[in-house]
């Protein structure tokens with residue numbers, strides 16, 4: 001008879017703890033990096049052509065490079081977190097960078113944080129805590145070939161086929177006609193392929209962890225196939241995410257992308273790694289409640305930020321080219337970590 005899975009009150013596993021610490025530190029680095037980059041952009045703009053006007057003087061600004069290095073460190077920590085903890089735990093914690101960015105913007109950039117924005121931060125913390133306490137234990141994997149076998153199971157193959165087919169249809173049929181007017185087209189491509197890229201990143205993270213522990217995974221062709229797939233998906237994501245950010249208001253793109261990307265990533269993880277098979281219905285429901293709480297906090301933060309700035313996000317607004325980009329740069333630190341980290345300078 002199979003042993004009962006450990007319940008949350010029996011303690012968080014060592015791997016989940018490591019994944020949580022890495023994801024948390026990643027949020028601090030990435031959330032802070034947006035503020036440092038913003039300061040660097042302002043400083044560079046004061047002595048040359050602003051980035052929003054097509055200038056590249058920020059490339060000579062040490063403060064901007066410090067922000068980029070900080071972001072890279074955060075992304076590395078996030079990458080490694082997937083090697084220790086399930087995507088159900090790591091991915092939603094990306095919302096914590098919202099709190100870091102919002103608080104630092106309030107303190108350093110003097111961008112007012114509305115009282116409901118504070119409530120949004122609290123909701124993100126509560127939701128994240130709920131997910132951490134009820135996250136499934138990471139299953140023991142001894143080789144990247146095991147991950148490959150999971151990816152080759154009929155359920156995940158069906159999911160991957162539907163995702164890739166949908167993305168191709170969006171790219172070749174809907175984007176030429178509706179890309180400039182319908183925000184869901186660009187974000188749909190990013191979110192769909194993003195869910196697959198996270199599964200590949202997790203596979204590479206596991207391969208890296210096993211290799212460093214003395215079990216070389218570089219000899220398996222599956223490791224390199226995962227690497228090629230991740231690179232392909234991430235480059236495609238970056239391309240269409242940049243198009244979305246260039247076409248629509250960042251304050252609109254951010255929450256929609258976060259919801260779609262995180263939801264599809266959780267779905268992909270549940271199908272591929274069968275995270276919920278090792279949990280009771282009560283734990284699954286609690287995790288979903290925690291996720292919804294984070295979504296509520298995320299939307300509240302974005303909505304109140306717009307209230308302070310006098311913006312409206314009731315519809316996807318296309319930004320006029322003459323709008324001062326500095327007005328929106330502070331908002332760009334709020335989206336999901338992967339969204340902004342993939343944005344080209």
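Glycine too: its Cβ is placed from the backbone N, Cα and C atoms.
Marked as transmembrane segment by TrEMBL: 20-36, 63-84, 90-109, 116-136, 156-176, 183-206, 218-236, 248-272.
Counting Cβ pairs under 8 Å to the transmembrane segment (63-84), the stretch among 20-36, 156-176, 218-236 with the most such contacts is 20-36.
20-36 is the stretch from 20-36, 116-136, 156-176, 218-236, 248-272 with the greatest number of Cβ pairs below 8 Å to the transmembrane segment (90-109). Taking residue pairs at least 6 apart in sequence, the transmembrane segment (116-136) and the transmembrane segment (183-206) share fewer than three C-beta contacts under 8 angstroms.
For the transmembrane segment (218-236), the residues of the chain that approach it from at least six positions outside its boundaries are 143-145, 147-148, 167, 189, 193-194, 196-197, 200-201, 203-204, 207, 211, 342, judged by C-beta separation under 8 angstroms.
Long-range contacts of the transmembrane segment (20-36) within the same chain, counting only residues at least 6 positions beyond its ends with a Cβ under 8 Å from a Cβ of the stretch, are 12, 63-64, 66-68, 70-71, 73-75, 77-78, 80-81, 84-85, 89-90, 93-94, 96-101, 104-105, 108-109, 132, 332-334, 337, 340-341.
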